[in-house]
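Trainee: A single structure is presented below for examination.
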């Protein structure tokens, strides 16, 4: 069964360009004529996957992808608040997953408290852009206007990076399961601190949260609608993707991979384990901080319940499902999980509630589909571990390394190490 799945997946490679263009046209038409359809939105997202596997030049694929994201979606669905809201939400989680991919995928560090860095960026903007800062800073200088949103993207990046370094200094001396447990505890500690930091000095306003957080402004134009946030999130994703690619092929990126594969060998080659891990934590955290600022401005209200352990687990699921260390895989995993979590479960739950109100069915509250998020995450992880252990789109570097070994003169050695390795991967 697994072999058949692999064959089916590989057959996607080399899709004719005309097929991709027809799919884009059909999905764009569906998006235009269907006002609130998860299927139509999934169709336009699937066109990005088709573009990735289209049998054409890389530049053509980039142009097609840019056309879909920058032209087709805004032109076809720009007036539809529902689609723009969903697209913005998907983009936020894609950016978060790409940040965690540096920590988990590149450096091989299991971080279960990643949402704490997200919270740091969100609270940095929420506190100082509202009158909340007047509670502990005299002078009545706050709130700030929406023009300050843009500088706070940098502030959120710096604040979250500092959090990453402060976490990493004591935490990165432990390994494996202990690292996961400690980072999990750190994430919960940060949430509890934000929840109780309303006394004796009211800094975060505690469980009541902070509102109203100003939306971005640029040259006097208010950018608080989902249409504008779509472009803000999209450009942040482009920045993070470029940074991921540059890191992946840089000296630091190769050091992360060396630490991930074998810490002892990396250390013997002169790589500082602590500094390399700190760099991974700080870099991944900084991206989460930027996204946190965008999240706070988009929601106009934040409280500690937005930054729970389930958020960290959800982002980790996105990375593992898509392919740890694979940039396109992480993007696919984040988009799939977000649509499933935020839209499919929610809409299915609303549909069942409407049937219940009309007397068609009698659904107990315990069977509400929106409450089965953890179960679905667990099932997805089990299926991925069984049938796609390297993710939906495995990291290209790992694949190339394996192909290089297969083609080497040692491939048919008497010990059969390679054959056992490949059989273990496919069985």
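Every residue gets a Cβ built from N, Cα and C, even glycine.
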Trainee: For which of the residue intervals 10-26, 112-128 does TrEMBL record transmembrane segment?
Mentor: 112-128
Trainee: Using a cut-off of under 8 Å between C-beta atoms, tell me which stretch among 38-55, 62-78, 112-128, 278-297 contacts the transmembrane segment (227-247) the most.
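Mentor: Highest pair count goes to 278-297.
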Trainee: Quick one: do the transmembrane segment (112-128) and the transmembrane segment (278-297) have at least 3 Cβ pairs under 8 Å, skipping pairs fewer than 6 apart in sequence?
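Mentor: Yes, these stretches are in contact.
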